[in-house]
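Everything below concerns the one structure shown next.
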Amino acid sequence: MAPDPVAAETAAQGPTPRYFTWDEVAQRSGCEERWLVIDRKVYNISEFTRRHPGGSRVISHYAGQDATDPFVAFHINKGLVKKYMNSLLIGELSPEQPSFEPTKNKELTDEFRELRATVERMGLMKANHVFFLLYLLHILLLDGAAWLTLWVFGTSFLPFLLCAVLLSAVQAQAGWLQHDFGHLSVFSTSKWNHLLHHFVIGHLKGAPASWWNHMHFQHHAKPNCFRKDPDINMHPFFFALGKILSVELGKQKKKYMPYNHQHKYFFLIGPPALLPLYFQWYIFYFVIQRKKWVDLAWMITFYVRFFLTYVPLLGLKAFLGLFFIVRFLESNWFVWVTQMNHIPMHIDHDRNMDWVSTQLQATCNVHKSAFNDWFSGHLNFQIEHHLFPTMPRHNYHKVAPLVQSLCAKHGIEYQSKPLLSAFADIIHSLKESGQLWLDAYLHQ
């Protein structure tokens, strides 16, 4: 039987703390009971998951596991957070128990924690506010230039097209900037990060911050882990992803789509369709279904501003055409950039590996250049971003050599490639996994 939470908490804080083994912790990973370990302390999060500020699922994905490194990675004020966690404390690991499970590489984990301490001493977790101010200003300038294009040159085809391209750049770049605020990587307090996150994602993009938090934090916690990373939820209903999952799907004789042709239909239902045909409508369902009225209010300000700005110039019909062309262009930009770092990498069920191995097997980089940095919002440094999600993006290139050294020492592949090669690898990986599915479907 599980220990009584009140009694266990009292025992944990008294002179004789309650001790647990990893087997006991691992058993508490289901819907009824959820425990996790941080710095050898055992916490009962069964009731807390619904109140977790980062979302119920992201913390639940570590139920029954050690969560020390993700805890450090995601929180910017760990001391304050730990005070709130005291009410969840039920004991600690027995002295003879290792600090984390045998599936995790101890030497690699210890050295990564030393690297993190070095990074903090170097000041690489501190943001340059001028960088982010200039980044916001460049987005606002592009936004203004889009409107001025129609106002000055009229609404004929070429000005209309240029306006659409500029607005798609605004949307893409605002997407990268909201990502910075969402990860708490700009300000030292959560309050200001959250406020600017609402402004950028809500007012400049028309999307809800709560939806982004709910989806994106899960992705970072368990990247490319089936049923834990929502970014690969298109498996199996639209695509067969990864070698392991594709073969598994084929052996089960499941066929929701002709996966052996997925590298072809990706161009139809992937980049052009994700935002205008799915996200555009789902975000409203999300905020209304979950009663996220603050998010909805921020979103409405975007649509009101966009409507009042462009309808007087274009009329309603052309305005709607402009809106969906922008969403179409933005969708292509967004999908190619976000998928190039993950789809070609290892995709599997959660194997409860250490933090570094979890992130490195699921991510790759794209070579640094001024264009690549701007075009991808510095997500060409995906490895560094995943290891240090609250690090300001302008410091990724500074920590990259240290990460490469750590990977080389432990025989971990650190992948970095040209931008076009990264795009091509998406198609190559889809073709390969589709063929693996077909072979397993027909012959195994």
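Counting starts with 1 at the first residue shown.
Quick reminder: no glycine exception, Cβ is built from N, Cα and C everywhere.
Computed from a predicted structure; not experimentally measured.
DSSP states for the domain 'Cytochrome b5 heme-binding' (17-94), grouped as helix (H, G, I), strand (E, B) and coil, give 33 helix, 18 strand, 27 coil. As annotated by Swiss-Prot, domain 'Cytochrome b5 heme-binding' applies to 17-94, with the evidence given as sequence analysis.
Residues or ranges marked as N-acetylmethionine by Swiss-Prot on the basis of experimental evidence: Met1.
Positions annotated as motif 'Histidine box-1' by Swiss-Prot: 179-183. Across the motif 'Histidine box-1' (179-183), the DSSP tally of helix, strand and coil residues reads 4 helix, 0 strand, 1 coil.
Same-chain residues lying 6+ beyond the ends of the motif 'Histidine box-2' (216-220) with a Cβ under 8 Å from its Cβ atoms: 54-55, 57-58, 61, 73-74, 179, 182, 228-231, 386, 389. Here Swiss-Prot flags 216-220 as motif 'Histidine box-2'.
Residues annotated as motif 'Histidine box-3' in Swiss-Prot: 382-386. On the 0 to 100 pLDDT scale, the motif 'Histidine box-3' (382-386) averages 99 in the predicted structure.
The annotation topological domain 'Cytoplasmic' is assigned in Swiss-Prot to 1-121 (among others).
Within the topological domain 'Cytoplasmic' (171-267), the DSSP-based counts of helix, strand and coil residues read 61 helix, 1 strand, 35 coil. The topological domain 'Cytoplasmic' annotation in Swiss-Prot covers 171-267 (among others).
Packing against the topological domain 'Lumenal' (289-305) from elsewhere in the chain are residues 198-199, 201-211, 283: each is 6 or more residues past its ends and has a CB under 8 Å from a CB in it. What Swiss-Prot lists as topological domain 'Lumenal' is 289-305, and the listing cites sequence analysis.
Feature annotation from Swiss-Prot assigns topological domain 'Cytoplasmic' to 327-444 (among others); the stated evidence is sequence analysis.
Residues or ranges marked as transmembrane segment by Swiss-Prot on the basis of sequence analysis: 122-142 (among others).
Only residues 6 or more beyond the boundaries of the transmembrane segment (146-170), in the same chain, are considered here, and those with a CB under 8 A from a CB of the stretch are 139, 204, 309-310, 313-314, 318, 322, 325-326, 329-330, 333. Annotation comment: Swiss-Prot describes 146-170 (among others) as transmembrane segment, evidence class sequence analysis.
Under the heading transmembrane segment, Swiss-Prot lists 268-288 (among others).
Taken from Swiss-Prot, the feature transmembrane segment applies to 306-326 (among others), supported by sequence analysis.
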(message) From the DSSP assignment alone, can you count helix, strand and coil residues within the motif 'Histidine box-3' (382-386)?
(response) 5 helix, 0 strand, 0 coil
